[in-house]
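Listed in TrEMBL for this protein:
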type	residues	note
SIGNAL	1-28	signal peptide
DISULFID	CYS38-CYS53	disulfide bond
DOMAIN	67-215	domain 'Cupin type-1'
BINDING	ASN102, ASN112, HIS117, GLU122	oxalate binding site
BINDING	HIS115, HIS117, GLU122, HIS161	Mn(2+) binding site
Amino acid sequence: MATMITSPRPLFFMILFLMVLLPSTCRCADPDPLQDFCVTNLNASIAVNGFPCKPIPDVKSDDFFFDGLSKEGNTTNVFGSNVTAGNVLVFPGLNTLGISMNRVDFVPGGVNPPHIHPRATETGVVIKGRLLVGFVTTSNVLHSKVLKAGDMFVIPRGLVHFQRNVGKGKALVVAAFNSQLPGIVVLPFTLFASTPPIPNDVLTKAFQVDEKVISDIKSKFGS
């Protein structure tokens with residue numbers, strides 16, 4: 001007579017726990033859509049966590065296509081870089097789908113300054129050039145590497161990160177996010193060009209420098 005093989009009860013309950021709990025804890029940065037699409041209606045008079053949908057009769061094919069990342073950005077600025085966003089604000093078909101992309105152009109020596117995406121993890125691929133890419137953990141550990149064309153990187157959500165062109169020519173990165181609107185906090189502007197400005201005594205204490213240093217830095221950002 002065949003005998004039945006049973007799992008020990010603690011193991012059975014552990015497997016059951018994982019089967020029930022894990023699917024519920026795996027979430028994208030944005031909520032899942034509840035319909036085929038929800039094309040952004042930026043002119044809506046109501047505000048929600050995201051954007052309302054266009055009425056179906058107003059949806060056009062062009063809402064699902066975007067050519068903005070095909071054009072090189074203007075890098076004539078203090079950082080020598082330019083971010084071209086492909087998010088829901090310019091690409092309405094992304095609304096509720098939890099994805100977006102950026103194009104980042106660099107001149108030689110250009111930098112995408114330390115910044116944060118509060119609502120998304122970022123992954124990117126170097127299309128052209130050589131880039132130093134790095135991020136800092138909440139334990140103040142820097143992870144960085146010089147990447148060449150074809151190399152990929154990932155930046156965990158909410159961590160400070162940067163890129164710098166260390167090659168002799170221009171560089172280009174295309175990055176993707178698991179949010180239709182990942183947001184960005186550029187630290188130099190946040191700290192030294194906010195409105196109203198952060199008081200100098202706060203910044204002098206935080207950075208352990210004289211007030212003149214803070215004033216000089218603010219002046220470079222028009223603050």
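Count begins at 1; order follows the chain as displayed.
Backbone N, Cα and C atoms are what each Cβ position is placed from, and that goes for glycine too.
Source: prediction; values computed, not measured.
Each residue contributes its Cα atom, and for ASN112 (oxalate binding site) and CYS53 (disulfide bond) those atoms are 33 Å apart.
Across the domain 'Cupin type-1' (67-215), DSSP assigns 25 helix, 57 strand, 67 coil. With a 10 A radius on its CB, HIS161 (Mn(2+) binding site) counts 22 other CB atoms from all the protein chains. Cα to Cα, CYS53 (disulfide bond) and GLU122 (oxalate binding site) are separated by 26 Å. For GLU122 (oxalate binding site), the same-chain residues lying six or more positions away in sequence with a CB closer than 8 A to its CB are VAL154, ILE155, HIS161, ALA175, ALA176, PHE177, PRO182. Computed over the domain 'Cupin type-1' (67-215), the whole-number mean pLDDT of the model equals 97.
Close to the recorded Mn(2+) site, the chain also has ILE116, PHE135, ILE155, LEU159, VAL160, PRO182, ILE184: residues not among HIS115, HIS117, GLU122, HIS161 whose Cβ is within 8 Å of the site's Cβ mean position. Reported as a whole number, the C-alpha separation between CYS38 (disulfide bond) and HIS117 (oxalate binding site) equals 24 Å. Other than ASN102, ASN112, HIS117, GLU122, the residues of this chain whose Cβ falls within 8 Å of the Cβ centroid of the oxalate site are, in sequence order, VAL83, VAL104, HIS115, GLY124, ILE155, HIS161, ALA175, PHE177, PRO182, ILE184. Fewest Cβ neighbours within 10 Å among the binding-site residues HIS115, HIS117: this applies to HIS115.
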